[in-house]
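Taken straight from TrEMBL:
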- 55-120: domain 'CBS' (DOMAIN)
- 190-249: domain 'CBS' (DOMAIN)
- 268-327: domain 'CBS' (DOMAIN)
- 354-412: domain 'CBS' (DOMAIN)
- 1-20: region 'Disordered' (REGION)
Amino acid sequence: MAAGETKAENTSPRSPEAELGIKVEDLWEVLEPQLTPTEKLNSCFQDLPVSSFPVPPSHVIEIPSDTSLAETVEILSRHKIPSAPVRDADAPDDASWMDRYIGIVEFAGVAMWVLNQLDASANGKVGSTLTRMDSFTYKKQANGVAENGLTSATSQSTDDGSTSVAGSFFETLTSSEFYKNTKVRDISGSFRWAPFLALQTSDSFLTMLLLLSKYRVKTLPVVDSDNGMLVNIITQSAVVHMLAECAGLDWFENWGDKALDELGLPNTKPCDLLKVKEDEPVLKAFLLMRKKGIGGLPVVDASGKYAVGNISIRDVQYLLTAPEIYKDYRTITVRNFLTEVQNYLIKQKADSPLLHGLITCKRGDTMKDVILKLDSKKIHRIYVTDESGLLEGVITLRDIISKLVYEPSNYFGDFFDGVLPLPEDSRV
């Protein structure tokens, strides 16, 4: 390499993410040798503005706050995105970005909100969200099902006290006026609803990585520092894809060649790992994810020791987008839910992580091995098993990002001062 020539000038990157990795490499090579590798990574990411993160080829999708739940589901499904910023339909055209957006709505959040209404109605409760809807009232009936077009469904309790529903319930629900008329703003503050916490293009990569890991933010909008326009949305998946594209670069290999157990992963003991058995009601799985605020569960066999599949909070979308595939089931178990969704996806010729089977790793695998698996399969978690196949733990995208950087003392200062507090009924 000629004097003064950087690696970025001497290499033809295979992607925008790889080009970004080369910028990190150039910063890495000129840092003081006395710094530890972790300190060097923190310094590199502190020096990179978030404006350099690649923008997806498709434009940023926004959802007006007066969009119905049915329309919201259709938009997210059509664009194959898990979430979108919600724009205040009543905000003036010249409103600042802080006044223009009211939050982030997730595909799974819509479905889980619907399940919450089912749960509330079955127990004779009226949620605070429902009290704001003049057109709809809920009351407990003899069969535990709400009025307003939902009376053809059946609800029952299982031996462990969890609720199950007949397969026809969701088909009835998605054709109901309740579902068609409820607006996305009506579910503000419900499960997996996030405030509009945005980065500006001048913020650093380090800020972005810490928010996506330590502070558990899943989706980060990026606003142009000059005109206040929304220019990018960065997710945990996008960051892990960037890392996968950096394989082979010195800074990545220095970190990525470490074994999982050397990095303290998985960080959950087997006895503390939440899971669901394949013959249990799928509703139990989704309600457990709602209660614990987690994104997925391993599906285990009758012994509870061996993982046979995975169910994700994202999968709840199929209760709303393809409700007809369950209508002949008296009770939808985890097993028949996953089977019917897989059959549906095959018929639709759709690519989905649900078609890839269970993805696992071992404690001795490297971080690089795991990142490449997660990225190639487009999944959000991977299960750790021992040599005999016993389930030992789980590693998520957030776990991976959290091992890349650390938070310096008093790093954020007053960064969060402009974030509005969540409503009292928030479950984020």
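Using N, Cα and C of the backbone, Cβ positions are placed for all residues, glycine too.
Unlike curated records, TrEMBL annotations are generated automatically.
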Between the domain 'CBS' (268-327) and the stretches 55-120, 190-249, 354-412, the largest tally of CB pairs under 8 Å belongs to 354-412
Helix, strand, coil: count each for the residues of the domain 'CBS' (190-249), based on DSSP. 18 helix, 15 strand, 27 coil
Give me the mean pLDDT over the domain 'CBS' (354-412), rounded to a whole number. 95
List the helix, strand and coil residue totals of the domain 'CBS' (268-327) as derived from DSSP. 27 helix, 15 strand, 18 coil
Just give the helix, strand and coil counts over the domain 'CBS' (55-120), going by DSSP. 29 helix, 14 strand, 23 coil
Kindly report the helix/strand/coil residue split of the domain 'CBS' (354-412) according to DSSP, in that order. 19 helix, 15 strand, 25 coil
